[in-house]
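Structure, as structure tokens:
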Amino acid sequence: NTNNTIEEQLSTLEKYSQGRLGVALINTEDNSQITYRGEERFAMASTSKVMAVAAILKESEKQAGLLDKNIIITKSDLVAYSPITEKHLATGMSLAQLSAATLQYSDNTAMNKILDYLGGPSKVTQFARSINDVTYRLDRKEPELNTAIHGDPRDTTSPIAMAKSLQALTLGDALGQSQRQQLVTWLKGNTTGDHSIKAGLPKHWIVGDKTGSGDYGTTNDIAVIWPKNHAPLILVVYFTQQEQDAKYRKDIIVKATEIVTKEFSNTSQKK
């Protein structure tokens, strides 16, 4: 049973990493799953942003022109790591621009502006419940949601819950068709993911992803993947460590990706 050997390989990787690793892969061809600590809670860090943007997209189904709505950004709004919003203090940004900045550059002020518009982090949790995700919980804004304290349930989910939600949002019918296409387009245009899941996959595969990082060396990535000649895959890799100031370990994300996707790169080469 290859599943066992995959789990054994992930366990070996985790021991080597000296951290805690969570993985969930869904093969959408038959909805089969590979998981490792798939039901355990991990701090999401910026991977939480996909659900927040999806909540805005859902609102836009009911309100024509919502994404064009201009949001004022003041100097006092700015929080650490806001490469796009800091350039738009004079003009403000539309909800569409804020969504793109949130997903493609992981701009923290943009995320906070989206949360403010929705009515706070709890509204994102409510949206998650509405798409049948009972695990996801968003409790705080940026940058506080990245504290990733061991055992703290705030701003966490499980790998399998996130994988199922990402599948519903990008490939299922949790969003209307044009909203789903917009989300996928934004994810495919991500600028932060080249050294994470993408680096563990064959070059010609198409990937849309959202990275995340936080305290305790928390290093995350969630992705929808289109292999050559194969139905899409959904992959969530969450990783966290013992020391609060531990270094990020994108190499662990890459290795975990290689382990769980190997069988698909083999089939796509054969065809």
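Glycine too: its Cβ is placed from the backbone N, Cα and C atoms.
In Swiss-Prot this protein carries:
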| type | residues | note |
| --- | --- | --- |
| ACT_SITE | Ser46 | active site, acyl-ester intermediate |
| BINDING | Lys210, Thr211, Gly212 | substrate binding site |
Original post:
Which are the residues of the chain, Lys210, Thr211, Gly212 excluded, whose CB is within 8 A of where the CB atoms of the substrate site average out, their centroid?
Top reply: Ala45, Ser46, Thr47, Lys49, Ser106, Thr192, Gly193, Ser196, Asp209, Ser213, Asn220, Asp221, Ile222
Original post:
Roughly how many angstrom lie between the C-alpha atoms of Gly212 (substrate binding site) and Ser46 (active site, acyl-ester intermediate)?
Top reply: 4
**OP:** Measure from the CA atom of the residue listed as 'active site, acyl-ester intermediate' to the CA atom of Thr211 (substrate binding site) and give the result in Å, rounded to a whole number.
**Re:** 6
**OP:** Looking only at C-alpha atoms, tell me how far Ser46 (active site, acyl-ester intermediate) is from Lys210 (substrate binding site), rounded to the nearest Å.
**Re:** 7
**OP:** Restricting to the same chain and to sequence separations of six or more, state which residues have a Cβ under 8 Å from that of Lys210 (substrate binding site).
**Re:** Ser46, Thr47, Lys49, Val50, Leu103, Ser106, Leu187, Asn190, Gly193, Asp221, Ile222, Ala223
Original post:
How many other Cβ atoms sit within 10 Å of the Cβ of Ser46 (active site, acyl-ester intermediate)?
Top reply: 27
Original post:
Among all the protein chains here, how many other CB atoms are within 10 A of the CB of Gly212 (substrate binding site)?
Top reply: 25
